[in-house]
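Colleague: As listed in TrEMBL for this protein:
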type: TRANSMEM; residues: B:12-31; note: transmembrane segment
type: TRANSMEM; residues: B:51-76; note: transmembrane segment
type: TRANSMEM; residues: B:88-108; note: transmembrane segment
type: TRANSMEM; residues: B:128-156; note: transmembrane segment
type: TRANSMEM; residues: B:177-198; note: transmembrane segment
type: TRANSMEM; residues: B:204-226; note: transmembrane segment
type: TRANSMEM; residues: B:233-255; note: transmembrane segment
type: TRANSMEM; residues: B:261-278; note: transmembrane segment
Amino acid sequence: MLEINHVTKLFNANTVDEKLALSNVNLNLAPSDFVTVIGSNGAGKSTLMNIISGVLKPDDGNVKIDGVVVNKLHEHQRSKWIARVFQDPMAGTSPNMTIAENLSIAYLRGHKRTLKRGLNKEKKLYFKEQLERLGIGLENRLNANVGLLSGGERQALSLLMATFTKPKILLLDEHTAALDPSRAELISNLTEKVVKEFNLTTLMVTHNMAQAIQLGNRLIMMDKGQIIMDIPPSKKKGLTVEDLLHEFAAIKGEELNDDRVVLG
Amino acid sequence: MYLLKALEGSIELGLLYVLMALGVYISFRILDFPDLTVDGSFTTGAAVSAVMITYGYAPFIATFSGFLAGAAAGTITGLLHTKGKINNLLSGIVMMIALYSINLRIMGKPNTPLFGESTVFSAIPDGYFLFIVPIVIVIFKLILDAFLHTDIGFALRATGDNQRMIRSFGVNTDSTIILGIALSNGLVAMSGALVAQYQGFADISMGVGMIVIGLASVIIGEAIFGHKTVFRATLAVLLGAIVYRMVIASALQLNMNAEDLKLITALIVVAALILPKIQKSIGQKRKMLERIKEVNSTVDSKGRDINA
Ligand SMILES: Nc1ncnc2c1ncn2[C@@H]1O[C@H](COP(=O)(O)OP(=O)(O)OP(=O)(O)O)[C@@H](O)[C@H]1O
Ligand SMILES: [Mg+2]
C-alpha cells in the first residue's frame, strides 16, 4: 500500500544549519495497517508525514503508493489517495465557509471541480448523515460558519472531512495534541471508529504513549531521523508503557527523557 | 433641482463603478490578495474598448474585449506571484507600472475621445438609464454569487481562507489564485470600459487611485450593509460603490476642492478601517465593566464570597 524506501531528508545542506531530519528511513504499510508513531521532539515524525504527503520532497530515496513511485507528484495531486489531519484545529477547515460548504469541498477529493452548484438537497442530506457519526450535534448546524466552532468540534469535522471519502492513506500528526483531555479523548475515539469503519491505512503521530498503545495494530518509535523500533501486530497487544521505556533504554542505552512524552 | 441632478449623476457613475468594486472584493476579500494591478487594468479596459469603438467595432464587443484584456493582465499578475514567487503586493505594482506603457501603446496617445461615437449606452432610451443599468448590474452580481457557490467558486473562496487545507483536498492553489485575479481584473477593466463610454473618452490617468476607491467602496458597503454571507457581501459592495460616489458628489457640492478628492478617499478608507475597531473595543470595555460590577456584587464588604 505505502512504501518508503531509503528516504533521507537533509535540510540546509552544507550550511551551519544543516539538519539531517530523516536518515535512510524504510517503512512498509500493508492495507488497513494502523500504525502509531512516537518519538521525541525533532525526531523527524512530521518531516516523514510531509514527505509522504508531498509537502516536502525526499533528497534521496522514494515513496511508493500501490507500487507506483510518487516522488514527482505535488501535494494536491497526491491528495487523491492521501488525507491528513493536522495538529492545529484551524488548519483543516475553511473558517469563513459553512460546515456544508467545507464538506462539499472535501467530498470532491480526487475529482475534477467544475461550475456545478457546490451544494444541493441530496448532498446536504448526505452530509447530515455523515455528521451524525460524530455525535456532537453538528448535523443541526450545516449552515453555520466553521469559524464559530470550538477547537474540538473543528477537529472532529476535519477528521470527518479527511476520511468520509475513504482515501487510501490517512496521516494524522498529533491531531489531538491541541485539545483539552476530554476533547482529545473524544477525537481519539472517533479516530478509532472511522478508521475501522472506512478500513483506512493510517499513520498517526502522537506524544501520548497510552494513546499510541491503545490505538492501532502496529507501533513505531523514531529518534534522530531513524525508525528505532517497530512493534508488529503480534507483539502490540498487551504492550505497556513500561515495556516501551525498557525497549528504548535497551536500544539507545539511555533513558527516554522528553517532557512532551505523556506517560499516563 | 441642481442638487438632484448631481445626485442622479453620482448614482449613474456609481453603478458603473460597481463592477470595479466587485473585482476588488474578489482580490482583497475572497483571495486575501491586495492586488494593485487594478490601477492599470481599469485604464486598459477603457483604452481597449475606446480604441475598438473608434475603429468601428460594436460597443458590446469592445466592452467585452476590455474584460478580456483586463483578465489577461490579471493572469500575468497571478503568474508573477504564483510561478515567479514574487510577493503579491509587488506583483501587482510591477504589473500596474507595465500597464501604463501598454495602455499608451494601445491608445497611441494619452487620450482617446469618443464624442459622436455610439456606445453601449446609446442603446438606452433617454431617461431609462437608472432603470436598465441597475438591472444589468444586479444580474452581474447574481452571476458572481452563483459562481462563488459552484465547486470552483468554493475552491476559490477556500484558497483565500486556508490554502493549506484546500491543497490537501486536491486543489492547485496556483490555478485558483490566477483564476481569481484574472476574473477580478476582468471586472475592473470592464468597469473602466463602461466609464470611458459614459464620460466620452479614455484617458491614460483615469485608473490612478482606483484601488483605494475600490477598497473604499468595499469597506463602506460592508460597514453599512454587513457581509455575513456571500450574497450579502456582494450586495454591500454594490451599494458601497454607489454610496461612495454620492459621498464624493456631496463633498464637491460643499465646494470642496476637486484636487482633494483622493485625500478624502484615503481618509474615508482609514476611518472605515479604524472606526469598527474603536467601536468594538468600547463595547468590550463596557461589557467588562458590567462583569466587574457583577463579580464584585457577589463579594461582601469584607471580601468574602457571599455565595459560598
Ligand atoms: N523546513 C525545515 N527547515 C529546516 N529544518 C527543519 C525544517 N523542518 C524541520 N526541520 C528540522 O528537522 C528536524 C525534524 O523535525 P520534525 O518537525 O520532523 O520533528 P518532529 O518529530 O515532528 O518533532 P515534534 O515532536 O516536535 O513535532 C528538527 O530538528 C527540525 O528542526
Ligand atoms: Mg511534529
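Backbone N, Cα and C atoms are what each Cβ position is placed from, and that goes for glycine too.
On this model, are these features tucked inside or out on the surface, and what's nearby?
Modeller: Long-range contacts of the transmembrane segment (B:177-198) within the same chain: residues 12-13, 16-20, 22-24, 26-27, 30-31, 33, 35, 37-38, 41-50, 53, 59, 62-64, 66-75, 77-79, 81-82, 112, 114, 119-121, 140, 152, 156, 159-160, 206-207, 210, 214, each at least 6 residues beyond the stretch ends and with a Cβ under 8 Å from a Cβ of the stretch.
The list of residues near the transmembrane segment (B:204-226) in space but at least 6 beyond its ends in sequence, with Cβ under 8 angstroms from a Cβ of it, reads 17, 20-21, 23-25, 28-29, 35-36, 38-43, 46-47, 100, 103-104, 107, 110-111, 188, 192, 195-196, 232-233, 235-241, 243-244, 247, 262, 265-266, 268-269, 272-273, 275-276.
Same-chain residues lying 6+ beyond the ends of the transmembrane segment (B:233-255) with a Cβ under 8 Å from its Cβ atoms: 3, 6-7, 9-11, 13-15, 17-18, 20-22, 25, 29, 137-138, 141, 144-145, 148, 213, 216-222, 224-227, 261, 264-265, 268.
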Colleague: State the residues, same chain only, that lie 6 or more residues beyond the ends of the transmembrane segment (B:12-31) and have a CB under 8 A from a CB inside it; answer 'none' if no residue qualifies.
Modeller: 38, 42, 129-130, 133-134, 137, 140-141, 144, 148, 156-157, 159-160, 177, 180-181, 183-188, 190-192, 194-195, 198, 210-211, 213-215, 217-218, 221, 227, 233-234, 237-238, 240-246
Colleague: Counting only residues 6 or more past its boundaries, what in the same chain has a CB within less than 8 Å of a CB in the transmembrane segment (B:261-278)?
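Modeller: Apart from its flanks, the transmembrane segment (B:261-278) reaches 209, 212-213, 215-216, 219-220, 223, 244, 247-248, 251-252.
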Colleague: Should the transmembrane segment (B:88-108) and the transmembrane segment (B:51-76) be scored as in contact, given a threshold of at least 3 Cβ pairs under 8 Å and pairs 6 or more apart?
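Modeller: These two segments touch.
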Colleague: Do any residues, 6 or more residues outside the transmembrane segment (B:51-76), come within under 8 Å Cβ-to-Cβ of it, and if so which ones?
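Modeller: Residues 35, 37, 40-42, 44-45, 95, 99, 106-108, 112, 114, 117-120, 122-123, 178, 181-190, 192-194, 197, 202 contact the transmembrane segment (B:51-76) from elsewhere in the chain.
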